[in-house]
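Below is one structure, written out as structure tokens, with a few remarks after it.
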There are 4 protein chains.
Amino acid sequence: MAGNSFGQLFRITTFGESHGVAIGVIIDGCPAQLDIDMDFIQSELDKRRPGQSKITTQRKESDTVQVLSGIFEGKSTGTPIALLIPNEDQRSKDYGHNVDVYRPSHADYVYDAKYGIRDHRGGGRSSARETAARVAAGAIAKLFLKQQGIEIFAHVTAVGTIEAPNLESNDLSALLQIREENIVRCADPATAHEMVEFIDAVRKDGDTVGGKISCVVKGCPAGLGEPVFDKLHADLGKAMLSINAVHGFEYGSGFAGSELRGSQHNDIPQPKAADSKVFKTTTNYAGGILGGISNGMDITFKVAFKPVATIMHNQQTINAAGEAAEIKGKGRHDPCVVPRAVVIVEAMAALVLADQFLRNKVSTL
Amino acid sequence: MAGNSFGQLFRITTFGESHGVAIGVIIDGCPAQLDIDMDFIQSELDKRRPGQSKITTQRKESDTVQVLSGIFEGKSTGTPIALLIPNEDQRSKDYGHNVDVYRPSHADYVYDAKYGIRDHRGGGRSSARETAARVAAGAIAKLFLKQQGIEIFAHVTAVGTIEAPNLESNDLSALLQIREENIVRCADPATAHEMVEFIDAVRKDGDTVGGKISCVVKGCPAGLGEPVFDKLHADLGKAMLSINAVHGFEYGSGFAGSELRGSQHNDIPQPKAADSKVFKTTTNYAGGILGGISNGMDITFKVAFKPVATIMHNQQTINAAGEAAEIKGKGRHDPCVVPRAVVIVEAMAALVLADQFLRNKVSTL
Amino acid sequence: MAGNSFGQLFRITTFGESHGVAIGVIIDGCPAQLDIDMDFIQSELDKRRPGQSKITTQRKESDTVQVLSGIFEGKSTGTPIALLIPNEDQRSKDYGHNVDVYRPSHADYVYDAKYGIRDHRGGGRSSARETAARVAAGAIAKLFLKQQGIEIFAHVTAVGTIEAPNLESNDLSALLQIREENIVRCADPATAHEMVEFIDAVRKDGDTVGGKISCVVKGCPAGLGEPVFDKLHADLGKAMLSINAVHGFEYGSGFAGSELRGSQHNDIPQPKAADSKVFKTTTNYAGGILGGISNGMDITFKVAFKPVATIMHNQQTINAAGEAAEIKGKGRHDPCVVPRAVVIVEAMAALVLADQFLRNKVSTL
Amino acid sequence: MAGNSFGQLFRITTFGESHGVAIGVIIDGCPAQLDIDMDFIQSELDKRRPGQSKITTQRKESDTVQVLSGIFEGKSTGTPIALLIPNEDQRSKDYGHNVDVYRPSHADYVYDAKYGIRDHRGGGRSSARETAARVAAGAIAKLFLKQQGIEIFAHVTAVGTIEAPNLESNDLSALLQIREENIVRCADPATAHEMVEFIDAVRKDGDTVGGKISCVVKGCPAGLGEPVFDKLHADLGKAMLSINAVHGFEYGSGFAGSELRGSQHNDIPQPKAADSKVFKTTTNYAGGILGGISNGMDITFKVAFKPVATIMHNQQTINAAGEAAEIKGKGRHDPCVVPRAVVIVEAMAALVLADQFLRNKVSTL
């Protein structure tokens, strides 16, 4: 109930503060006999790791994952998988000046209001550091989904007002390669170049900027999602909105679709070839989901991230007593969160799909 | 797990198909001793009721709610509140021609794919009729919230490309009065007039159109929302995305906020007057929520609805065998769903807030 | 959270008070395509029905079940199954004298203490009438289990100090026939006769008496139950202890087993025949469950019921003000609850097994 | 769903195998601002620790608990509390001979049947080592309850057929002192002496023996427990039955109560003194719980443990191929589990009560 668990059958529980001993995650409900590729899990964490390029925070954390339980001789055993990521760079003195001052657009005030106590050494539990645990768990979900033929790909499609064109390719491995060849993680090289230049300029201003990430899921069979409250896109939406800094979610035709007429927006089913079981429509405004249930087409959605609140400018604010205070612009933070958030978006999508995959297994006799 | 329940402590479970005997809802966890105003519940249902104006479906249902349990001498008893809404106009012969044909952009195909069986008399469980049960339950959540000083107001802010201007007023009862004076439920009379004309034209075309609903919550204390996965806006997002036809959700600065810089987007806290406990910021890009927890400012969000899939045009599609088929344009459906969806948006918001209000009661000693 | 739901994947939510309009149950998670035999459901309810013999309460209720949703053309559709049982004999004036007086060993006082409000027309939600909803849902669980080859049989094995001998037969249908040939529902005819005589004498004394019910599950495959907190016997124990008047639960060797040595108590596995997949042990002290997981042997457990609290004697007690009061012995209640509770025990066992059967479906790839 | 979590609002999730790196627990939902006494937590673990006396296993584990998160400057912060207990004595070679052989009355076979894979270095997840995590979490629940004036006391009341007399004292601290002065943890010194002699003799025989633990909860306010499925005693029963080796649970009058008449068994409420809010009955057959809800009297229950399955005798069994095999009697195990289980019973009771205490906070406005 306290909101540190996600998923019903493929269920994770995360713990840990940014400046504590460690963060970690328990995965309860991963089916037995899954091959667990630890190198893959670590490579996913490396994509979220701070300090990976000039446009990310320079905070240093190797984010090395340790297995505490649930894996035996390289396979899941059906028991809880516990993964631990020790905190290395807990330079909490950086935050000493903020003990009593509420940083603008941070969660400091609301934690005090809710709990009456706060680990003021940093963001504590509200820090995006918590998302490393999600990435580790999401990597295992990806391994499970891959075995079912389901693949997930996200990339940065906007930084500020710079938007990437729609991608034509259906070859996820090719897109993945292009994406990883630039530090902003946009699968369009020209746009990526422009984005990197812009973020670097913003960084030099001591400022930050928001952006958007688009995601596609390929190979998802029809039938995933529960019809009323746990619609597939509702679970995806919640998953994305639970990521730090996310302010918006849309799937398929999204906000733009609300401007269309039904005669434009309806996706027309195509007759099947005699030997085909695949459902296809001429367009995909539905984003692969009808009535909350996957229809077998590509699942598409987009996520909007606000600009990071920590800037290198001095700002007016208040302290815990409600008095005016000034906060100095210092510390080590990301000028733009989206390059590191790509793998978080994928991880949360993987967790939703793994969960709904298992849930669908019990929907019929 | 099968997705027909919503909420953790203030928890509802809905049941019923569009063409069955009845639909209904069980509310488990409504605190004891709440005064239950049945007239208010019915008046909320009346706002969602079909046949209420020329721009809604002409299907006739009185949607009269019956109490089966949980209320004694006008008060909640702490035991489950069961509400029943009989189905009156089950004219299922209207749908006889569609038994074997998948309506474009409807859930027919995916129900067959998921369950291997389908109540083909209508939308079954995927019908928006299910949302009447949500409105009934949401009305009780509103009564609970009102006692805590929390009020919710939604209205239509876009139909197609017609957008309402931002409203200045903070007086919800005034806005509510204006909203209810027009059949599209937009609190700006001029825009409302334009919207009604447009929807009527669309209806005459046998077509449908999408739209947007904006919502504000006033009087919410700081501290609601759980910090990691069950962030207040994540729960709101899931609630909204679970409503039929919703394709997008944003809160506070939303998608547009992702184009801003941190120095523009940060909301600056204002020093408190000596006797005030209220947290105020100069702007409210945060939409009243920081780190997933309410900060006491107005909570604001927007929801995008796709156009209704049922149109009065003939359309190409396929049948259950995968063969080409044509579907005739007939039946009784809404040209635009947003006027009736306003109260559904409010109901789902109320359910989230009631639930998080109770959850917050156990966050400290 | 308010405790009116049971089960995780095969999940029921019950509602309704003894003197309200109706009681009922929502079953969420029943797999699609299950044949629903309504006559069987009604016949199960008839076994719990009041007024069925001279040794049960003379209260009259036909307990006729109505389907509101989730069943189409005789089959489950995967959507919530809502079952309603109207209350017919709500003779609440019988209870008028008790409005302000706490009946000894009833829940009147604690409901007031917990909720500050109470439906004083009868037991309200604490009435065993609520169990009719469980029996209806349990009947559907039984239909599901039967399709998997799992059968459940319970009967009365003690009334007061009268105990039935252990039964040798493995033929459940033969036992069921014997059980239903006597009104106390004991599968040993001689003991049954003695029990009936005794209960009748107790009834004439205006008194009540407790008893025990034993249950066996046959045909359960190995693998059901989750290893740590949701052990199969822990779920069975909770299910039984949630039935009104139950004060004890034991499985396999039970309390008596705690007096034995390991060398006596260990069940020795028998070598398998070449073509057999069945696990067999020479003894079954384990009651068919090892480490919380079924091993394929018969599952056996026993449940102890206290005597019914309503007696036909005048009793001292207190009123809501804490003052001494006397309560008159009148009303219509059971002299011994176990004959009607047999089918409740079976229903709750069926709900646990159906739930754990589905849960086990997702334990491996 | 995979059964490694317990509780709804005060919720724990445990992880770890007996021969893995570590075991541990996440507590999600512990209210903020609770003083956490780490010495107390460790002292509770010391009572469960192996190797503490001649009548427990000689396996050596210091069971030193580490805090990973959720506690700041000695207080709970409202975020998940993660506790880790490294495994020190993983002498898995002791178990090498059992890789392929199913130990009688152990969970080896059912894990293979359920998961198709098993950590065969020891009991894995079925080992009672998992209960150390429960004791650590239970200690925090006890700290929470103590602040509410609720105290829990358990002790050994039977070993084999040796039974302790009923205790008269109401002074829990006196009983606790006596209990801790003997290695079997019985609060009656004479019986304790007899039990120790008997267990030592059983140990020398290479055998094991079962026993019983009784528990009392004092200071529990009226109102805890949810009325239908989550009755206080149903949750306690499930909690106890989830402990390794438990085969039976009874509360209040228990199994013996089923032999009584209502006129004997009813607890008569006593008139209250003018200034008293306390509910008292002349007897307490109810065990402090009516209709599943605490009434303010002492809560009493008893738990039966079967004899430990590992004995020092050679035993016939089968291997994974189903062939006859012999298992040698060796290893380091407890001749009787109850002395070390006393603190586990208390811990599980504390977890149930803390959870139901929080749940009760939201039952009224």
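The backbone N, Cα and C atoms fix where each Cβ goes, glycine too.
For reference, TrEMBL has these:
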BINDING   C:ARG48, C:LYS54  NADP(+) binding site
BINDING   C:ARG125, C:SER126, C:SER127, C:ASN244, C:ALA245, C:GLY291, C:LYS306, C:PRO307, C:VAL308, C:ALA309, C:THR310, C:ARG332  FMN binding site
> Where among the binding-site residues C:ARG48, C:LYS54, C:ARG125, C:LYS306 do you find the Cβ with the fewest other Cβ atoms within 10 Å?
Replying inline: C:LYS54
> How many Å separate the Cα atoms of C:ALA245 (FMN binding site) and C:ARG48 (NADP(+) binding site)?
Replying inline: 15
> Which of C:ARG48, C:ARG125, C:ALA245, C:LYS306, C:VAL308 (binding-site residues) reach within a Cβ distance of under 8 Å of chain D?
Replying inline: C:ARG125, C:LYS306, C:VAL308
> Reported as an integer number of Å, what is the Cα distance between C:LYS54 (NADP(+) binding site) and C:VAL308 (FMN binding site)?
Replying inline: 16
> For C:VAL308 (FMN binding site), what is the tally of other C-beta atoms lying within 10 angstroms of its C-beta?
Replying inline: 24
> Expressed to the nearest Å, what is the distance separating C:ARG125 (FMN binding site) and C:ARG48 (NADP(+) binding site) at their Cα atoms?
Replying inline: 17
> Could you state the CA-to-CA distance between C:SER127 (FMN binding site) and C:ARG48 (NADP(+) binding site) to the nearest Å?
Replying inline: 14
>> Return only the integer: C-alpha distance in Å from C:ARG48 (NADP(+) binding site) to C:THR310 (FMN binding site).
In response: 18
>> Same chain only, sequence gap of 6 or more: which residues have a CB within under 8 Å of the CB of C:THR310 (FMN binding site)?
In response: C:ARG103, C:HIS106, C:THR208, C:GLY331, C:HIS333
> Hey, which of our binding-site residues C:ARG48, C:LYS54, C:SER127, C:ALA245, C:LYS306, C:THR310 end up with a Cβ under 8 Å from chain B?
Replying inline: none
> So how far apart do the FMN binders C:ARG125, C:SER126, C:SER127, C:ASN244, C:ALA245, C:GLY291, C:LYS306, C:PRO307, C:VAL308, C:ALA309, C:THR310, C:ARG332 get, largest Cα to Cα in Å?
Replying inline: 44
